[in-house]
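Sharing a structure here in structure tokens format.
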Amino acid sequence: MSGKAHGGKGKSGAKDSGSLRSQSSSARAGLQFPVGRIKRYLKRHATGRTRVGSKAAIYLTAVLEYLTAEVLELAGNAAKDLKVKRITPRHLQLAIRGDDELDSLIRATIASGGVLPHINKALLLKVEKKGSKK
């Protein structure tokens with residue numbers, strides 16, 4: 001009997017079995033954030049006997065990763081405008097409050113974020129133009 005008559009992979013059935021490594025669900029989805037951890041969190045905090053699908057965890061992870069990248073990009077631009085290399089809570093505050101959609105989404109108070117600079121127009125001094133009369 002030859003080795004091919006039996007079922008299974010055997011020695012010649014698998015081509016380089018070392019290259020078949022298991023991939024994480026984050027790697028399969030092409031994400032940096034941990035899909036498994038998000039799924040575990042969803043399952044733990046689901047109400048009652050709610051079932052959580054794997055695609056729900058992947059979708060939520062992708063949304064969280066996108067929002068984080070968006071906020072970090074805007075905060076990085078704010079830090080670059082101020083000519084510093086480190087993003088601080090102040091830069092996060094300026095980035096979030098400067099974007100209308102992020103401002104409506106994130107209504108939280110950012111610690112050490114400060115406030116946005118704003119002066120009411122009624123408080124500004126009126127400057128008269130000289131030489132306008134003829």
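Glycine too: its Cβ is placed from the backbone N, Cα and C atoms.
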I'm validating the feature mapping. Which of 98-108, 109-119, 120-130 is tagged region 'Interaction with VPS72' in Swiss-Prot?
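Of 98-108, 109-119, 120-130, Swiss-Prot gives region 'Interaction with VPS72' for 98-108.
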Where does Swiss-Prot put N6-acetyllysine, among K11, K85?
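Matching K11, K85 against Swiss-Prot annotations yields K11.
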